[in-house]
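Chemist: This is the structure I have questions about; it appears just below.
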Ligand SMILES: [Zn+2]
């Protein structure tokens, strides 16, 4: 944003962002389009885009501004195109929810808007023309802003598409919390009959080097022709533009902030390798197959669940806050095999675990190691935790345990039932056996 | 037909910063084997007006696969386009501001980094980061003033390794090295003039002492259009990648002739990009990119250039090349030839320091830095070990009278091979300590007794003790 001073000055001259201006600054003359001010940078500096395409910042102090006439509309305008279905082509549905994959730069301002819709994506990936596409725009938000309410909306949208003629459903999504959404959909959608594939990108689609093209194409292939009637997540399998992995929605996590192959299967093999040309190589034969089963939606969630990470120096009093606020469940990301501070009395979380459990509030234990399973018996301290009532969640990911506990608490009458459900595999989130990875 | 040429030149020079422009990788690539590679595709994306950029489309139509070679100290996730850029390198920006001031350009108040679409694969991101730092300014030439259009700071592209079966291989070690780009106004009159302008601009950037040296560190592009007897201007043709200064005149003249021929034949002139070949010919590369190629790089915050910073830089500004040359020849009495070598050398700051602080004869300092070391390198001595500290040590010991001029090559050769050894240790080891006055007297006395005198005595002394005797002292004594 420009400073108040600049804004007032522009208003008094009737100048708007996008107008062509002549700026006289220290005896020099600059001509170009007035750009909006990015969040970063000095608010007292005018940014002018010159005719050669470059932008420069000029001190506003002492500058004389003159309007030249001519105005450039700033901001991206989406073009909704209705796509005709062609007989003989496989039909898929693409639901757009926002995120980097749906982001499009405004070439004037450089601002990135999550405003791309599915048909815009098709125009960037012509290979998608081999499919008939039902495209729906659900919403356009970045994934850090996703809430359980959005999961419900996506689940409803997906259910509708599952009941259509589509072979499978692709959901484009921001990457940061995509694995929360895949977990939520995995628990909310019952008796799946077709593939549901979430995909996104780490580089926005306006870049020639974006990973979105291949991710989207592989997701479309996987939705269209794979036999995997589960919620999966399809993203780059390597730093190369060669193939994607289809990960099980409850066994995947974002493990890098910026790399293309940020998503990895955790404590499980990916389900398949998917290539841009449509080839699918199964890696893991353990999956739910396509069928004619009747899909149903059960989107009840108890949202008062907290996910708490253990660290040296954690103050047990933070549990008091949640208990006072009437939270109904805890997922703890313990250290190592699922430890919490135990031995030193004033630091111990054991009394809090006891207190919660006594009040019928489940305390579930996962590990911040991410890889591996927790264990309640290896050390005496773990046994104390277990005896206090903590529920050790095997090889379940912390994020998945968090989403599952929301689901479980909305579907259980008491602690005992909740515990039983947490420890029962519902959607591939729990493996009894840990495969050996390469 | 009266053909008028409109020409402009662009020079691209790598800056000698420690780190790259947008990451902390070394900006000084060393030869070596790649340790890995990644394989990528790129495609044309909609440009500013929602249309795919013409140049981008042209490249995409070739549907190529790009292989990028990874090198240990010069490739990180930023070069791989797997991590966002870090803030812009301040040293690089400071050098560009320095050049702006030397050229009399207006330095912008806030640098806005842009993305310039490139889809030949030479940048893993699909665009090059570039920013205008200065506008305007000029240089004086034998054919009048040549205006400066823009001075940009940008990223170097990846180096091409080869192209085979639709696959292009690039090396990432040079991607992201800071590059200064200076573009002139179309004031260039002919081929000879283009060469002069390129040379003058090259001297300006080199005098900062902060640019890389050697093959490939500087490149020229030429912009040429012609008009016929005052009629409307023809199409602008850009010739990329001229490496050899000597070819510039030839390339310009051939291009003018090529365009004139097309006009004569009544064929329209196309605005296009051509590639310079090593024989002075050019070949078609791609259509001229449209203006849709630039949009803001929002991952890099704009950089404020305060007036105080500019004034700070102005205070430390080196003299202009002409002025420095005059000072060396007229004031310091260094011959033309040697002055030419030292004035734009990376050793110039050391030269200045030694001359000013130690008051050693400028000619000796320049010759040591620009000639002795070069000939030692030629004979295979590892002279890269002779860093600034070592050379300073050499001059200090010389000033203290530890050894004589003639011993310098011997000492430097030895120290380059044993870089942990001190200069004085090397002198003692080689028995090259300057002969004391008493010893000199004693030996001269002996020679006199043996019947030698005058010129023949000096000659014999120099034959036997050249590396230890100061010629001036000896002549005075004799
Ligand atoms: Zn790097």
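Including glycine, each Cβ sits where the backbone N, Cα and C put it.
Just so you know, TrEMBL annotations never went through curation; they're auto-generated.
Sharing the feature lines straight out of TrEMBL:
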type: DOMAIN; residues: A:16-66; note: domain 'GatD N-terminal'
type: DOMAIN; residues: A:92-285; note: domain 'L-asparaginase N-terminal'
type: ACT_SITE; residues: A:100; note: active site
type: ACT_SITE; residues: A:175; note: active site
type: ACT_SITE; residues: A:176; note: active site
type: ACT_SITE; residues: A:254; note: active site
type: DOMAIN; residues: A:304-422; note: domain 'Asparaginase/glutaminase C-terminal'
Chemist: Can you see whether DSSP assigns residue A:100 (active site) to helix, strand or coil?
Modeler: helix
Chemist: So, three-state DSSP: helix, strand or coil for residue A:176 (active site)?
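Modeler: Looking at the DSSP assignment, residue A:176 (active site) belongs to neither helix nor strand, so coil.
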Chemist: Using DSSP, break the domain 'Asparaginase/glutaminase C-terminal' (A:304-422) down into helix, strand and coil residues and give each count.
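Modeler: Each residue of the domain 'Asparaginase/glutaminase C-terminal' (A:304-422) counted once, the result is 47 helix, 20 strand, 52 coil.
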Chemist: How many other Cβ atoms sit within 10 Å of the Cβ of residue A:254 (active site)?
Modeler: 21
Chemist: Check the domain 'L-asparaginase N-terminal' (A:92-285) for me and report the mean pLDDT.
Modeler: 91
Chemist: Residue A:175 (active site) has how many other Cβ neighbours within 10 Å of its own Cβ?
Modeler: 25
Chemist: Within 10 Å of each Cβ, count the other Cβ atoms, then let me know which of the active-site residues A:100, A:176 comes out lowest.
Modeler: A:176
Chemist: By DSSP, how many residues in the domain 'GatD N-terminal' (A:16-66) are helix, how many strand, and how many coil?
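Modeler: In the domain 'GatD N-terminal' (A:16-66), the DSSP-based counts are 0 helix, 28 strand, 23 coil.
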Chemist: Between the Cα atoms of residue A:175 (active site) and residue A:100 (active site), find the distance and write it as a whole number of Å.
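Modeler: Here the two Cα atoms lie 8 Å apart.
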Chemist: Taking only the Cα atoms, work out how far residue A:176 (active site) lies from residue A:254 (active site), in Å, as a whole number.
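Modeler: Checking the Cα atoms of residue A:176 (active site) and residue A:254 (active site) gives a distance of 7 Å.
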